Structures are given as C-alpha cells and as structure tokens.
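If you look up TrEMBL, you'll see T68, D69, D70, D308, D310, T311 marked as Mg(2+) binding site.
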Amino acid sequence: MAKEVIDISRIRGCLLGALAGDCLGRKFEGNTFIFTNKNDSQKYRQDVLNYVEECFWIIGPKERLKYTDDTAMARVVAATLVDKNYFDAKAMAKGFVETYFSEKCNRGYGGNISQVFRKLRDSDFDDVFLPAEFQFDAKGSYGNGGAMRVAPVALYFSNDLEAALHGEVHQVAKEQCRITHSNPDAIMGAVLIAFAVYQACHAQQTLSQSEWIANLLKFIQQKCADIYPNTSTTKNAYYEKLSLFSNLIKNDSPRAEVSTLLGNGTAALDSVPAALFSFIKCMNPVDGISMRNPLQRTIAYAISLSGDTDTIATMAGAIAGALYGDVHIPGALYYAMEGSEFYSEIALKMHRFLQG
C-alpha cells in the first residue's frame, strides 16, 4: 500500500474549517428571502461579510459560537473511526443516537432524522441501515446529512494513495451516509464531498480551478453507474450542475444566479454543488469580498449564497481547510468556537494513526 502521511496542519485545517463553516453559517441559516429584493440582498451579503470578519479576527463573543447537528454528527464519525481503527456501522449508529438523545441544547436536527434515531434505538440497532431505507415510501432521504459529516472519512484514508482508486473512500462515505440517508442523491453528495476533501489533502495549492472541476466531473463519471445504475453520466443531475461551474466562474455570475442554478437548500443536490462551487470559486480573489484569507473567503462566500448556510459552509470549509491548513484559523476564531479543542485532539489522534 502506497502511503503519504499528510501534514497534521491539513487534518486540523479540515476539521476546524468545517467547524468554522458550521458555527458561522448557523447565524444565517434559512435566510432564503434575500434574493427577491436587491437592497435586501446587498444588506444580507454585507451582514455576512461583517460577521465573518468579526468572528475571524476580533476577540470572540461573550458566549462561544455554537455548532449544529452538522458538527455533532461529524464528531461521531471522526471519533468512531479513530476509536475503532476501522469503519463500524453499528458503533457509528449508536454514537449518532447517543449524541442526539444526550444533547442539552437545540442542534437543529430535522424531524425525519429524529425518527430514524428513535427506530434505531427501539430496534436495539439490529439493522442499522433499515430505518433510513424505509423513509419516504422506501425511497430514502435525499437530504445533505451524509455529506455534511463525511469529511473525517476522507482524512481517515488520506495516507493511502490508492484509497480513492480502489474504493475505500467511496465505500465508507457511502455506508456512513446510508445510516440516515439512503437515497442515491444523498449518497452521491456524500461521496463527492469525501473525494473533494481527499483530493484537497494531497493537492498543491497551484492546482487550478479548471483542474478541480475536471477531476470532480471525472469522479462522477467513474462512480455514477454504482450509485445511479439506470442513469447515464451526462444526464446525472450532479454532473449537469458541476458542468455549469466553468461558465459561472468565467462570467463572474452574481450569487442570485449561482443559488438559482446550483441550489442552496437542504437536499444534497441543492447544497453539495453550492459547497463545491464556493470552494473552487474562492481559490482566487472574489469581487466584493476583500478577504485575503482563502478559508475565510470560502466560508463568507458559501454563507452569502443563503439558504442552508451552515451545511453549505461546513462542507466548503472542510475542503478549503484540507487544502490550506490550520494556519488560516486565527486564534480569535479558534477560541470562540465550541468544539475546537475536541477537533484538535481528534486531529492529533488521527495523525498518529496515519503515521502508524
């Protein structure tokens, strides 16, 4: 097995970047009205920029920035992989359920996933995939829950240069998603984010926007038949949306157009493309965002698309953090975020495992 142990800065950067996107995006979640009025849209974007700037560089608020269900579940994914040293679906499902029922504050879990957790608990985890499979007339949920928490999977396999080619990243990303979301759209979203994080862990910052887009489209071509056996690649909705990236960047399309074409909702198909685009778009300076920190710029742009802001920003933040490293997480933000210390400890454990 060919190995290349990535720097711990990239592991911490990925986890803390995801946390930052979640914590900062939480404040604006659900603001979908802003594109109906130009003045409201401009005010919203400026509010986002001001808030992100304040959280990144000014000594934090009186109360720590709280994370949502996105991070609560990602923590379970990371901790289970590190503790078990392999993917244990039952242990992960138990972790999700125990975390959900022990929460003392509202993390923003959806009602449908709550039903899955109750059925898992009541069945004593007999078949951890069954409750999710029966949702929505046995079509499964197409939400972004599997994608929002998948980044630790890519980190766990990041030292194996053959992992993406031979399917470990793909398979584990898929299986952890199926615990709560079994619809093909949800699964494709999860494996796409996992692949993007995996690639970011190993990529040079000189990799161009066009190369990123080409690699993602090629990945969809490779995995489409497994997830969508009855759909050709060119007719796949993810492929269609990612095929728009180049022109959206070339034309410097306004955020209203980006959100309309790519989506900004809670469905995986309406948030994963938005997160991937936010990351790729912000590899270069963005008009209207005078932020030199690329991670900060990525999170600000992702939130400015409105909608499911915490999840779009946590996915974009994970990819950007894996590429740029934790040097772009300033101390003011680190100490302001709930859960920073946990992720620092997990990053250290994961790095030791990868070295082993």
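The chain as shown is numbered from 1 upward.
Backbone N, Cα and C define each Cβ position, glycine as well.
The Cβ of D308 (Mg(2+) binding site) has E29, G30, N144, N264, G265, T266, D270, S271 as same-chain neighbours under 8 Å, each 6 or more residues away in sequence. Sequence-distant neighbours of T68 (Mg(2+) binding site) (same chain, 6+ apart, CB under 8 A from its CB) are D22, R26, E29, R107, G108, D310. Other Cβ atoms within 10 Å of the Cβ of T311 (Mg(2+) binding site), summed over all protein chains shown, number 33. In the three-state DSSP classification, T68 (Mg(2+) binding site) falls within coil. Excluding T68, D69, D70, D308, D310, T311, which define the Mg(2+) site, the same chain contributes D22, G25, R26, E29, T71, G108, M148, T314 within 8 Å (Cβ to the Cβ centroid), listed in sequence order. Take the CB of D70 (Mg(2+) binding site) and look out to 10 A: across all protein chains shown you find 29 other CB atoms. Among the binding-site residues D69, D310, the residue whose Cβ has the fewest other Cβ atoms within 10 Å is D69.
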